[in-house]
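Shown next, in structure tokens, is the structure this report addresses.
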Amino acid sequence: MRHLLGTEGLDVDTATAVLDTADELKRTLLGREVRKLPTLRGRTVVTLFYENSTRTRVSFEIAGKWMSADVVNVSASSSSVGKGESLRDTALTLAAAGADCVVVRHPASGAAHRLACWLEDNGTSVVNAGDGTHEHPTQALLDAATLRERLGGLTGRRVAIVGDVLHSRVARSNVHLLTTLGAEVVLVAPPTLLPVGVGEWPVTVSHQLDAELPAVDAVMMLRVQAERMHGGFFPSAREYSISYGLSQARQRLLPEHAVVLHPGPMLRGMEIASSVADAASAAITEQVRNGVHVRMAVLYHLLAGDNTADAADAATAQRAHGGEA
Ligand code: ASP
């Protein structure tokens, strides 16, 4: 894998390999006092964020550090971007300074692809950490890791993705990845929050949340992306919540084994009731935890050269020597 720009077109073998590596890394690090592997020693990862982030930025930083990479964080507000520098010049500067991988978040859909084109000759890998309303591939991978763990597999499982599909890069990446991995997806949203052309996606569409819940294995609630909305997409937050919020009463419609997911940040009380977010069926903190292992796996697949031992082998060898990197 040279870049990770999206889950569209990511083949089943590559996606499964990343998920398997993430599982292996999770098992390897479980219960260890010092969570540090030598795998990416000497590699430099730069996170370049033009939009706010808590989970994604922090977990990429932790992922890189747990694999001994040098991690540098650049936020647009405190860099030369604030002086008017273009994305291209910023990217070329980071590559010239020695970045082996740039993890980028940008409000424009397609920004990660552009960056990858500009860095084609530099050998720098690009990871899309969210581009506008387009894709957020590592979120979808960590969601798949969480569902595999909770449900034992994805083949034939039915997943409802609920809410602001129109503005959600999480929804797009999940539709591609979940269907590639053999799951069925139903999108549940008001007509105003569904994209044009959704009929051509490999999903079913519903406007009735109550009718869908009894038949799903997982429900993924989406945040209402107010920052991307220009105009009225629904009458009021209260009405949205009444029709599309996962209330305690609605939670009772779910099968007992069903998993509740949310990519965060959550708007408690609007798209999900607090009691539902904190219930045992919710895997929201597990998603965050798995996000670190999935991002470690992605960095491993992008940056570990042919001469580097398998991620788990490296960890095993290290254990055998009784040491930490
Ligand atoms: N954190 C996710 C994203 O960056 C979901 C969200 O913000 O609603 O797309």
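Glycine residues also receive a Cβ, built from the backbone N, Cα and C atoms like all the rest.
Per TrEMBL, the carbamoyl phosphate site holds ARG55, THR56, HIS136, GLN139, GLY264, PRO265; the candidate it also names there, chosen from ARG2, ARG88, ARG105, ARG228, is ARG105. Note on the domain 'Aspartate/ornithine carbamoyltransferase carbamoyl-P binding' (2-149): DSSP counts are 71 helix, 27 strand, 50 coil. Among the residues the record lists as binding L-aspartate, namely LYS83, ARG169, ARG223, the two farthest apart have Cα atoms separated by 32 Å. When the record's carbamoyl phosphate-binding residues ARG55, THR56, ARG105, HIS136, GLN139, GLY264, PRO265 are compared pairwise by CA position, the greatest distance found is 16 Å. Rounded to a whole number, the distance between the Cα atoms of LYS83 (L-aspartate binding site) and ARG105 (carbamoyl phosphate binding site) is 19 Å.
GLY264 (carbamoyl phosphate binding site) carries neither a helix nor a strand DSSP state and counts as coil. Helix, strand and coil counts from DSSP across the domain 'Aspartate/ornithine carbamoyltransferase Asp/Orn-binding' (156-302) read 63 helix, 24 strand, 60 coil.
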